[in-house]
Amino acid sequence: MNTSGDSIVKKILWMALDLAILYGSFMLAYVLRFHHGIPPENLDPFFFLAPWVGAAALLIFYFFDLYATTARKHLVQMLQSVIVSEALLALVIMALSFWGRGFAFPRTVIFLGMFLETILAMSARVVAWSTHWMTSGKRRVLIVSTGSLDAARYREKLARHAPGWFAVAGTATADQLEKEPDILDDVDVLLLSPRLSREHKEFVLRVGVRCGKEVLLVPDAYELFLAGTQWQQIDDLLVLSVTPPTLSPFQRSVKRLMDVVASAVLIMLTSPLMILLFVLVPLTSPGPALYRQERLGERRKPFVLYKFRSMVRDAEKLTGPVLASEDDPRITPLGRLMRSTRLDELPQLFNVLKGDMSLVGPRPERRHFVEQFEQDLPHYGYRMAVKPGITGLAQVMANYSTTAEDKLRYDLLYIRNYSILLDIKILFQTLAILFRRDRSAGVRREEVSKEAVR
């Protein structure tokens, strides 16, 4: 079954539909603007800019992940991505029309065309999402775990996921499944805990496939190392080539060039905002504006990370190093706003320019937490095979409240599948995350205590 081929065909069809919506919206805008015939001097600019606008639209939609499957996504979050991408596309069109300012491209047509384009693009995604939901929603899930405590964690995650896609039908251990195979009669999907032994995983996977059930596997580090591996042939022996999780010299050079150029441009663009925050932080809370903290970077090399201070002065004087929680009283009102919009991390652009960090990569941690996490997560150190980043795959796919174990999976997946396109995609999706307040919440208090004592 060639699922990758089907996926490519679907993406091409979506791209064709998006272009049809884009060009159709502008033609309709022209008709609404000019009721009695469109003057050629007003229509020519559209045909002149149409190829560039179409290419920009496809790139922006791709980088905002709008060509990924709509199945099992949260509808509101997907529509937020559409709105942000359309806003960015509108800016591109305005810039292109200014560049071709010798042409009479009516501003009313631009605004009306983008309004129609946004409505139609959102409607198309709603229809696709609804179709997927009606055909593949309400899937009954059996959680196969090591016990009730392990199962409770994944039951909670399924409950917090986009509503309507999953319904927990029950829980079972691998031994129970072996003794009572009839359990599978009333379920559609098997969700496997990563804490199952390899033998149990293989057994459940074999049984699930034989019974025609979908199997959702939460990968461990070993399984993530196999992601993106290349198969080779030695004589008549099939082997998988597993390389260390790091970047090639060429990838490092290109990534560094992008970091220097982008961070320099972003520093210039955001300098007025940084100056404003540099004044506001000490005015709203006694203490310095900047917060300096030692973090571990690439190959465990320590460096000083810069942030705008979002907590009260000497926040850890009494508690020691602890993770911030959702309702942490140490966070100032301005700090809460900065955290929700990631503005507190703007000074890290200077860390990127210096070479301590990259724009995209695993978030750097303090030595205290690294040593704690490594006690339970032996592969945690692989995160430091690359430079840490201001944003990363874990930041756009997970929440602040996501555990270190779950974030580690995304970090390892990022390193294994690194590309410049992936970096650009993560940067674009970070823009969409800024408008989602749920992603900025701190760790829940019960998780703070768990992480702090590990």
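Sequential numbering from 1, following the chain as shown.
Each Cβ is built from the backbone N, Cα and C atoms, and glycine gets one as well.
Note that TrEMBL annotation is computational and uncurated.
Here TrEMBL flags 255-435 as domain 'Bacterial sugar transferase'.
Among the features that TrEMBL reports, transmembrane segment is placed at 12-34 (among others).
Long-range contacts of the transmembrane segment (46-67) within the same chain: residues 11, 14-15, 18-19, 22-23, 26, 30, 78, 81-82, 84-85, 88-89, 92-93, 96-97, 100, 103, 105, 109, 125, 424-425, 427-429, 432, each at least 6 residues beyond the stretch ends and with a Cβ under 8 Å from a Cβ of the stretch. Residues or ranges marked as transmembrane segment by TrEMBL: 46-67 (among others).
Sequence annotations record features per position, and here TrEMBL assigns transmembrane segment to 79-99 (among others).
Nonlocal intrachain contacts for the transmembrane segment (105-128), taken as residues 6+ away from its ends with a CB within less than 8 angstroms of a stretch CB, comprise 17-18, 21-22, 24-26, 28-30, 32-33, 42, 45-46, 49, 66, 70, 75, 78-79, 82-83, 86, 89-90, 93-94, 97. Feature annotation from TrEMBL assigns transmembrane segment to 105-128 (among others).
Here the transmembrane segment (260-281) has long-range neighbours at 287-290, 308-309, 334, 338, 343, 346-347, 349-350, 352-353, 359, meaning same-chain residues at least 6 beyond its ends whose C-beta is under 8 angstroms from one of its own. Annotation comment: TrEMBL describes 260-281 (among others) as transmembrane segment.
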Arithmetic mean of per-residue pLDDT over the domain 'Bacterial sugar transferase' (255-435): 89
Sequence-remote partners of the transmembrane segment (79-99) [C-beta within less than 8 Å, at least six residues beyond its ends]: 45, 49, 52-53, 56-57, 60-61, 64-66, 105, 110, 114, 117-118, 121-122, 125-126, 428-429, 431-432, 435-436
Positions on the same chain near the transmembrane segment (12-34), where near means CB under 8 A and six or more residues out: 42-43, 46, 50, 53-54, 57-58, 61, 66-67, 106, 108-109, 112-114, 116-117, 120-121, 124
